[in-house]
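Peer 1: One structure, pasted below without further comment.
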Amino acid sequence: MDKKKNISMAVIRRLPKYHRYLYELLKNDVDRISSKELSEKIGFTASQIRQDLNCFGDFGQQGYGYNVSELHHQISNILGLNNPYNIIIIGAGNIGQALANYTRFSKLGFNVKTMFDTNPKLIGLKIREIEILDIDYLSSYLEKNNIDIGIICVPHDNAQKVANILVKNDIKGIWNFAPIDLSVPEDVVVENVHLSDSLLTLTCLINKTE
């Protein structure tokens, strides 16, 4: 069995943070770092870092620490960044446009191919050369193009309908910004970003400290 399939979701959710911090270290020409030093920067314990990384192999050397470039490369591979991904955004409102304007996606290998919306005032416009198409063409577009991930940025009432179209056209990854928990088959991966949930978590923590 693939070892990665047995990795806990908690470890998986920490990997992007490792990747981001290692990228910053590379930009600052840091060649190596110990788990203790990484702990001070990233906020996890040194023991936790070693345990997490040991899930995927032996990356460090006692007395030397981690080679930053090599570790960043290995975590990139674990995260699947050794392959490019074609993406579409459904919903060209504020959130959709913000995502389309986020230039780091392309640096990570995520290629936003096009956007879809129902608003006649938006259809035909381009955001950073990304064209906004009529959502009525979503199914036919998916039939003709190789798309890996669909990003849903539509209102609550339309999100499940959009998800159904994505699933029907064999999209296996959905990044969902709509405030609804989608119903999809088990072989489709959904990552929810409910903005209000994050804000409510913040207010809870604020009140907890008072």
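Even glycines carry a Cβ here, placed using N, Cα and C.
The DNA-binding region annotation in Swiss-Prot covers 17-56. Annotated NAD(+) binding site per Swiss-Prot: Gly91, Ala92, Gly93, Asn94, Ile95, Gly96, in sequence order.
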Peer 1: Residues other than Gly91, Ala92, Gly93, Asn94, Ile95, Gly96 within 8 Å, Cβ to Cβ centroid, of the NAD(+) site?
Peer 2: Ile89, Gln97, Ala98, Leu99, Asp117, Cys153, Val154
Peer 1: In this structure, which of the binding-site residues Gly91, Gly93, Gly96 has the fewest other Cβ atoms within 10 Å of its Cβ?
Peer 2: Gly93
Peer 1: Enumerate same-chain residues with a sequence separation of six or more from Ile95 (NAD(+) binding site) and a Cβ-Cβ distance below 8 A; give 'none' if the list is empty.
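Peer 2: Ile95 (NAD(+) binding site) has long-range Cβ partners Cys153, Phe177.
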Peer 1: Looking only at the DNA-binding region (17-56), what is the model's average confidence as pLDDT?
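Peer 2: So the average pLDDT across the DNA-binding region (17-56) works out to 91.
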